[in-house]
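After the structure tokens below, expect a handful of questions from me.
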Amino acid sequence: PSCLGYPLSIFFIIINEFCERFSYYGMRAVLVLYFKYFLQWDDNLSTAIYHTFVALCYLTPILGALVADSWLGKFKTIVSLSIVYTIGQAIMSVSSINDLTDHNRDGSPDNVSLHIALSMVGLILIALGTGGIKPCVSAFGGDQFEDDQEKQRTRFFSIFYLSINAGSLLSTIITPVLRAQECGIHSKQRCYPLAFGVPAALMAVALVVFIVGSRMYKKVQPQGNIMIQVSKCIGFAIKNRFRHRSKEFPKREHWLDWASEKYDKRLIAQTKMVLKVLFLYIPLPMFWALFDQQGSRWTLQATTMDGNFGSIQIQPDQMQTVNPILIIVMVPVVDAVVYPLIKKCKINFTPLRKITVGMFLASLAFVAAALVQVQIDKTLPVFPAAGQSQIKIINLGTHDATVQFEPKLQSVDVMPMMSTGYMTFETSQLRSLNITSGSKTVTEVVKLPGGSRHTLGVKNTATDIAVKLLFDNVTSKPEEGNNLIRFINNLPDAVNVTMGDTSFGILMSLSASNYDLFPGGRKDKIVVIRNSNPCSVTSKAFGFGSAYTIVINRCVGDTLNVTYAEDIPPNTVHMAWQIPQYFILTCAEVVFSVTGLEFSYSQAPSNMKAVLQAGWLLTVAVGNIIVLIVAGASKLSEQWAEYVLFAALLLAVCIIFAVMAYFYTYTDVNEIEAQLDEEEKKQAKKDQDIYEKQSEAVSQM
């Protein structure tokens, strides 16, 4: 059955691919934040495991292709591995349910190792599934066409590529929104089970859709795998060359010619063409090492930025959508506008030049990322090292106050109702504080623990100077753009404080509450009840990733007067600053990725496409392994320096590739194939002549 001149079966295949990509990219979008916030891993471990997973997803396709071509056939391979995949997605979803091990209901899992074990099993199954079916689905789609439907087949592959990007675009928008919801049975959490559950459900849909179309598919029997033949041919050539290494054997034109005792000329000629292309692949993994950090380092970078786009609040993991949006726009623009313009300028923009430009652009994108990182670093707070203490002073009184840090370290003046920033001291040196306000002076002996922050509240009262030393138990910037808020009661009597839905309970005079987390970017109503008389005020907007101490000064009638002391500044660098680096990297992808596969296919015979696709996917896997090695070995403490390092490495590789490309001679595959056909015909005619002569001789006897 056909529709619009296409086999009906391919519509099932395209829907299946859309769902599968939605499932994969949706899960991958929130993965690094799941590691960081749910499993509580640090940035480096999260990045490492993320790239290990991506590398696995690109290593398994080679396995999938072998299984499909030599044993199960494409249809059965896709079905059986999709089942594995769906189970993996489901396990992933279960692993992120906080209430699974949260027996004391405090909102964090009691047995984290169980969650880690489950997610690792889930990820391995997903890598097997997604990788195993990757090479089969597109090839299976190609199988559905007859030989005379070349035009439809090409069109199918562009629609297929579009469905991949549509799936990844929608899921990168939707799953982060699901993740940002609050859900849970006993305590409200970020909703990872939903963010992983929706992809799992879509994978199940993909599987069902694919099986429903079963009757219509044209199923080609497994033909044996060309990769195995090529490997055997190469292996035999090397072995044979080694056996005949002494001087008495004549040299052969190409080392692969040593396989001619056992393999036919055509296979050897084709293998030569493939190896010529694979040799050019050697520098390519460096590109993917940079490209795939969008989902790890760049997403972690976005968590320290301000995601407030007016009325819309962008989640850090949603910034990745910039890539598929731009791809959908850029591919047609580059094909229809940019390349023709370059041609008009009489520049011969060969495929290898395009790939070189792609590498250069990706390296540029990381320079842009480093520049953004430098701006972010300026806004990040500096926390005390192990042997240091930090103190800030809040003057709660109506007179100026002067604080002298003894022995003779430093002296500061604080205006009424104002606060200082944090000052850093060596813990061992700071002995006491000398506080003067109005005509009164008081000396406070301090012994601070190292590596901590403190706030000193000072108030000149009618009788003396009240001094309150608070311990600020914040050692890092609040994650995910949340804000930390605490209160100091500067009224003479006890009050009951609530902000939004959060109650801070009863605060005695001159005492402080603990910090509490609030979602970023909103204003909340502060209500203070004093002697059963409520007064309220709407807080200022705290931005994202800040910490504030709010001082309650006056509660008269129903109006409340508060002052704000900024403990940690909010994220001030806007997420929109990531758009340039995404734009440059997407331009790089368009000229690199699309060109790379087209070039490979044009330089090798059609029956070798599987080998080249395997090689291409292998470059992606190796690229992700490079991230592990470089990030692990470089030991750079500054993130911007790591970006610059990657940019420099890719630039070096880009130059090497440009030299290799300069010496590369393009192959005309059809010409070589025609030559082989011609030689085979001649050989056949020769054999025929010999056979005829022999039979003549026999008949004359």
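Cβ from N, Cα, C; glycine included.
Keep in mind that TrEMBL annotations are predicted by a computer and have not been checked by a curator.
So TrEMBL says this about it:
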type     : residues : note
TRANSMEM : 48-68    : transmembrane segment
TRANSMEM : 75-92    : transmembrane segment
TRANSMEM : 112-133  : transmembrane segment
TRANSMEM : 154-174  : transmembrane segment
TRANSMEM : 194-213  : transmembrane segment
TRANSMEM : 273-291  : transmembrane segment
TRANSMEM : 325-342  : transmembrane segment
TRANSMEM : 354-374  : transmembrane segment
TRANSMEM : 610-631  : transmembrane segment
TRANSMEM : 643-664  : transmembrane segment
Same chain only, please: residues at least 6 beyond the ends of the transmembrane segment (273-291) with a C-beta under 8 Å from a C-beta of the stretch. Say none if there are none.
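230, 234, 256, 352, 355, 358-359, 362-363, 365-366, 585, 588-589, 592, 596, 599-600, 603-605, 608, 611-612, 615-616, 618-627, 630, 646-647, 649-650, 653-654, 656-657, 660-661, 664, 667, 669, 672.
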Quick check for me: are there 3+ Cβ pairs below 8 Å between the transmembrane segment (194-213) and the transmembrane segment (75-92), leaving out pairs under 6 residues apart?
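Result for the transmembrane segment (194-213) with the transmembrane segment (75-92) is yes.
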Using a Cβ cut-off under 8 Å, which residues of the same chain at least 6 positions beyond either end of the transmembrane segment (48-68) come close to it?
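Counting only partners 6 or more residues beyond its ends, the transmembrane segment (48-68) has Cβ contacts under 8 Å with 24, 28, 31-32, 35, 41, 74, 77-78, 81, 123-124, 126-128, 130-136, 222, 225, 227-228, 292, 295-296, 610, 613-614, 617-618, 620-622, 624-625, 627-628, 631-632.
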Going along the chain, which residues at least six beyond the ends of the transmembrane segment (112-133) come within the CB cut-off of under 8 Å?
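Counting only partners 6 or more residues beyond its ends, the transmembrane segment (112-133) has Cβ contacts under 8 Å with 20, 24, 27, 34, 38-40, 53, 56-61, 63-64, 67, 77-78, 81-82, 84-92, 94-96, 100-101.
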Which residues of the same chain, at least 6 past either end of the transmembrane segment (643-664), have a Cβ under 8 Å from a Cβ in it?
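For the transmembrane segment (643-664), the sequence-distant neighbours (Cβ-Cβ under 8 Å, at least 6 residues beyond its ends) are 276, 279-280, 283-284, 286-287, 289-290, 293, 297, 350, 352-353, 355-356, 359-360, 362-364, 366-367, 369-370, 373, 630, 634, 636.
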Within this structure, do the transmembrane segment (154-174) and the transmembrane segment (325-342) have 3 or more Cβ pairs under 8 angstroms, counting pairs 6 or more apart in sequence?
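Contact between the transmembrane segment (154-174) and the transmembrane segment (325-342): present, because at least 3 Cβ pairs are under 8 Å.
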